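Chemist: Pulled these from Swiss-Prot:
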DOMAIN    429-543  domain 'Toprim'
BINDING   E435, D508  Mg(2+) 1 binding site
SITE      K460  site 'Interaction with DNA'
SITE      N463  site 'Interaction with DNA'
BINDING   D508, D510  Mg(2+) 2 binding site
Amino acid sequence: MSEIEEKFNESSYGADSIKVLKGLEAVRKRPGMYIGDVGDGSGLHHMIYEVVDNAIDESLAGYCDLVRVTLNKNGSVTVSDNGRGIPVEIHGEEGISAAEVIMTQLHAGGKFDQNAYKVAGGLHGVGVSVVNALSEWLELRIWRNNKEYLMRFNNGITEAPLAVVKENIDKKGTEVTFFPSVETFTNIEFDFGTIEHRLRELAFLNSGVKILLVDNRFEEVKEVEFYYTGGIEAYVKYIDRAKHAIHPCIVVNTENAESGISLELAMHWNDSYHENILCFTNNIRQRDGGTHLSAFKSAITRVITSYLDTTGLNKKAKNYFSGEDTREGLCCVLSVKVPDPKFSSQTKDKLVSSEVRPVVENAVYTKVLEWFEEHPAEAKAIIAKIMEAANAREAARKARELTRRKSALEVSNLPGKLADCHAKDPAISELFIVEGDSAGGTAKQGRDSKIQAILPLRGKILNVERARFDKMLGSDQIGTLITALGISVEREFSLEKLRYHKVIIMTDADVDGSHIRTLLLTFFYRHMPELINKGYLYIAQPPLYKVKKGAAEFYLKNEQALQDYLIKSTINDATLILDDKERLVGDNLEELINKVVKFNGLLDHASKKFNRSITEILAINDLLNNKIFEPESDLRLKKALDVLNSLEDSPDKTNWEVLKHENKIEFFRFSRGLKESKILLKEQLESFEFVQISKFALTIFDIFSKQLKLIVKSQEFDILTPSQLLNTIIECGKRGINIQRFKGLGEMNSDQLWETTLDPTKRTLLQVRVAEIDEAEGIFSTLMGDVVEPRRLFIQANALNVVNLDV
């Protein structure tokens, strides 16, 4: 019997454990008060988190070690666990099953009974009833008492009482499947990445609990497992995986018997210049901190002060250090478990429980100071970093004072390169940051000078990820940008003086432009995060192509838009004839072309691993599977190769031939005496990419097994493969038009730039948002930091996803 089964005690968690505080109608009337924003996706995802938090609460109580979240094809979500199962007995006060009480009445649940749960999360403490109230339908399955129970709800209303559907079941747990209400939520499509981040967070915070996330919505099934035995120490290492830690992790794990408050903490200093502290209460993240964060900061400052006084190292300090100096480069995960936590709002973004502060401050001070005393060499390295931070802060202060004195003597302290706008209202003013004087000149001519300002940046932009604050202030480009914006950075940061409420990065669509954009994004993320949080930072989307047909001119954003245009311009004049009989035109032909486009995308992706032409010809002949090894398929394989050879006819190359082996097939030919060989392994045929291609090919198999002839404006083409059909359609679309590809903004004249990128009524802007702070932290550190290995691994992992590489 497992430890979890041994702990199982139904008598301690029964119907009488459920305390009731009634009322659900308010949830449907004002859902935002209970579940979060119903328009931006946060409330939608909180529906999942609420159910998952119930399962995690079971694990905190010691009864659950497996949680599974499944995104279903029909748009619903299933959350299951192997906990005790929701109580099913008739509730004494309500006269209905405890399960129905929990699902239909607000503020009902075991969390209100201290004997059932000592500590609990639960998104807003309102129970899964909120999820039920805001779901079009919900299905509840419970495994308890060796039985399986089932109950269904529509818009929070019970369809029928809880019923036993199976008996003699050796299983315990709860499963909730729900479909969000389209009347409540603006968008009901769940984002895999958002859910993945939260579940990974929970797995780190609850060491030993396995959490599975499965996405069944698409042909490509995604499955991710989160299981960490290292707890929050492993979490700190994960967050800081792209940085150099200057010492091993400091771990604190303690509980205050009197208050029942427990503390878990893992922290280390790294060689970066930014602090990163994540705070949790009962597994819920407090993005705005609170009493636990204040206590931690105070304790760390006290530790450093005390250690300096004790060791005499303070005599070597050139400058007094501040609390911020002690936290430069500090990465910490702080998790407290509190029996009855209090928060500043229902979204629980800030902890206000005053009793938490002394517990955390005393524990952190005692344990961390003890660690310093036991590890003098590591402590010395930490102190050296803090002193260096204090010196840099002092140098930055002097640099700011010098800048202010210079500004006070100038008639106008706006940079000379800035072509400012006439408007003084920041709400309607826009600043375009462009690379180089050439693009800057064109932008100045094409802009609306009433509301649009242009700031050209010339020369190399500093990578602030690798630079101290004082060095950053000395950078000409960064200094120019700060002055133009009208605000300072770091400790003096205030959006009140921001001169533009749209700050738009406008760079070329090549590698250099991408690099400059990344450097600017790094600066804003590190030193002006509020600009991003308020939604003031944007990225311009200049077009990649200009298309001219007769007197008409228009612009296309990217390769995909160009392809779509060329297909649509041809499709109305095209007819596909099948076996000299059936004809595909109009919508039917367009439907086929859309399938071919998707098929081509699958082939492009798989071409990184095997020859594209061979893959395609095998797929449309139903041979991209184990059938290819069967003798009965030899004739079909020969015909397929004949088609391939007719398409790739070249005087320098011989025809493709094939050799079958037990577990592989070799395709080979000779080019000027040299053998070119492609090996297809049997195991490759079972890979996800090939299975996906093979299945999709069956949807167009009937058409491409026939003799095809494409007619476009009386011109005829014999068609043998999907790629040939698509390429012919595209080439026909190019006739009579002129296509110009822009490599840089400087290639556009001022009218073109206005029409495509500057005109507020026509342009496309991407608003910069940070969905998950610690994920963004990891990405910036990986791509822009000093550590090479994580960057190399990142590039290796994503190299095959590159579609267009500008070299």
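Each Cβ is built from the backbone N, Cα and C atoms, and glycine gets one as well.
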Chemist: Report, as a single number, how many Cβ atoms besides its own are within 10 Å of the Cβ of D508 (Mg(2+) 1 binding site).
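Modeler: The Cβ of D508 (Mg(2+) 1 binding site) has 22 Cβ neighbours within 10 Å.
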Chemist: Given the model, what does the mean pLDDT over the domain 'Toprim' (429-543) come out as?
Modeler: 81
Chemist: Could you say whether, by DSSP, N463 (site 'Interaction with DNA') belongs to a helix, a strand or a coil region?
Modeler: coil
Chemist: Would you say which of the recorded positions E435, N463 has the most Cβ atoms within 10 Å of its own Cβ?
Modeler: E435
Chemist: What is the interatomic distance between the Cα atoms of N463 (site 'Interaction with DNA') and E435 (Mg(2+) 1 binding site), given in whole Å?
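Modeler: So the Cα of E435 (Mg(2+) 1 binding site) lies 16 Å away from that of N463 (site 'Interaction with DNA').
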Chemist: Let's see if you can do this one: DSSP helix, strand and coil counts over the domain 'Toprim' (429-543), in that order.
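Modeler: So the domain 'Toprim' (429-543) is made up of 57 helix, 21 strand, 37 coil.
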